[in-house]
Amino acid sequence: METGARRRPWRVVGLIFVASCLTYMDRQMFGLLKPMMQAELGWSEIDYSSVVIAFHAAFVVGFLTFGPLMDRVGARLGYAGAFTLWAAAHTLLGLATTTAQFGLIRFLLGVGESGTFPARLKAISEGFHAQERALAIGLFNAGSASGALLTLALVPWLTQTYGWRGAFLITGLVSFLWLLLWFRMYKRPQTAEAPRPLAPPSWSALAQVIRTRRAWVYIVVKFLTVPVWWLYLFWLPDFLYRTHSLDLRQFGVPLLLIFMLADLGSIIGGWASARLMARGLSVGQSRSRVMLACALVILPLVAVPLSPWLWLSVVIVAVAAAAHQAFSANLLAVPSDLFPPEVVGSVVGLGGAAGAVGAMLMALFSGVVLEYTGSYSLIFFVAGTVYLAAVGVLHLSRVYASQAQA
């Protein structure tokens with residue numbers, strides 16, 4: 001009996017892995033199908049960017065509200081509710097006809113998807129002993145890469161067979177099957193180590209944190225760098241279509257290379273800072289050096305729109321995407337480095353909201369630039385240089401030095 005009870009949480013990790021695949025497929029699909037949807041619906045670049053902005057606006061709301069909600073209702077109902085909203089919205093994309101309808105549906109989808117992030121962590125905290133949680137989180141996080149692979153393998157075939165509307169409808173219906181499995185398989189385990197939640201911080205404590213320089217440094221760096229990853233997801237297929245005349249059947253190998261290297265970069269970024277710490281460098285020195293190296297590696301991105309060679313462009317973008325993930329792996333550790341445990345979640349939420357606001361502005365900027373210039377040159381210039389600005393903010397703020405002095 002105990003064996004079965006202990007086996008069930010790992011099955012739940014498999015379910016969360018599948019859910020991660022599905023939500024990541026949606027992100028990839030919307031960028032991958034952009035040229036086709038624009039041609040059929042008559043969208044301008046500003047129309048497309050407005051729909052993307054609606055999605056990011058939902059994340060601002062979700063990052064600030066869903067954590068406490070999941071603590072209140074638990075993972076079983078919380079995850080099901082968030083995923084139901086996401087699946088319904090994803091399916092409705094296949095029926096939308098106007099820009100306003102797409103914007104509203106993408107907003108609802110973003111609200112649902114933002115809720116899945118704290119729900120996943122809540123499920124892991126309910127079902128696993130402390131020493132098992134990191135492995136469980138690592139396993140379901142791999143769903144993002146698998147989602148990218150599934151998108152590139154299935155969506156071109158679905159689109160050519162059933163049209164882009166059919167692709168959304170079919171993947172949406174499959175998502176509802178996941179819900180049935182979730183309710184059937186997930187029960188809050190009785191054998192798991194009882195979670196020991198920290199007392200939630202008071203509003204006065206949070207206000208005090210927000211007034212600190214450390215918090216604003218993290219918020220600003222997230223605001224600057226998060227939008228670049230969304231640029232890859234929502235605009236990279238269009239860039240390859242415009243600049244190198246690739247179509248839906250030809251996107252596969254270039255995008256596969258880019259996102260596989262990005263996953264590798266995330267692992268390398270965490271390994272590199274840990275290696276530097278093992279050699280005697282402080283936490284701040286290790287993170288700063290890795291992030292500076294990443295910023296320098298990303299700089300060649302500014303030249304990508306000028307390259308007439310497809311594979312040179314793909315390699316530069318792939319390396320830049322890997323460096324972004326390595327940068328992010330270290331940035332995500334900054335709140336735990338600099339703040340007491342009881343406010344880390346709130347700081348992470350503030351950073352996530354700031355990143356979503358930055359992504360909204362990047363979407364608006366990209367839409368306006370493409371509408372009036374038809375060129376990605378200025379967009380890639382910004383994407384290639386913001387990391388140096390972010391590293392400059394970290395260096396000049398001396399947040400790690402001030403922490404050591406405190």
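For all residues, glycine too, the Cβ spot is worked out from N, Cα and C.
Among the features that TrEMBL reports, domain 'Major facilitator superfamily (MFS) profile' is placed at 12-401. Annotated transmembrane segment per TrEMBL: 12-30, 50-70, 77-96, 164-183, 215-235, 255-278, 290-306, 346-370, 376-396, in sequence order.
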* Sequence-remote partners of the transmembrane segment (255-278) [C-beta within less than 8 Å, at least six residues beyond its ends] -> 28, 32, 142, 144-145, 148-149, 152, 232, 236-237, 240, 285-287, 289-290, 293-294, 314-315, 317-319, 321-330, 333
* **Candidates 50-70, 164-183, 215-235, 290-306, 346-370; stretch with most C-beta pairs under 8 Å toward the transmembrane segment (12-30)** => 164-183
* To do: Go through 50-70, 77-96, 215-235, 376-396 and flag the stretch with the largest number of C-beta pairs under 8 Å relative to the transmembrane segment (164-183).
  => 77-96
* Asked: Which residues of the same chain, at least 6 past either end of the transmembrane segment (376-396), have a Cβ under 8 Å from a Cβ in it?
  -> 217, 220-221, 224-225, 227-228, 231, 235, 239, 242-243, 288, 291-292, 294-296, 298-302, 304-306, 320, 323-324, 327, 362, 365-366, 369-370
* Asked: Residues of the same chain, at least six outside the transmembrane segment (77-96), with any C-beta under 8 angstroms of its C-beta?
  -> 19, 22-23, 26, 66, 69-70, 102, 105-106, 108-109, 111-116, 118-120, 122-123, 164-169, 171-173, 175-176, 178-179, 182-183, 186
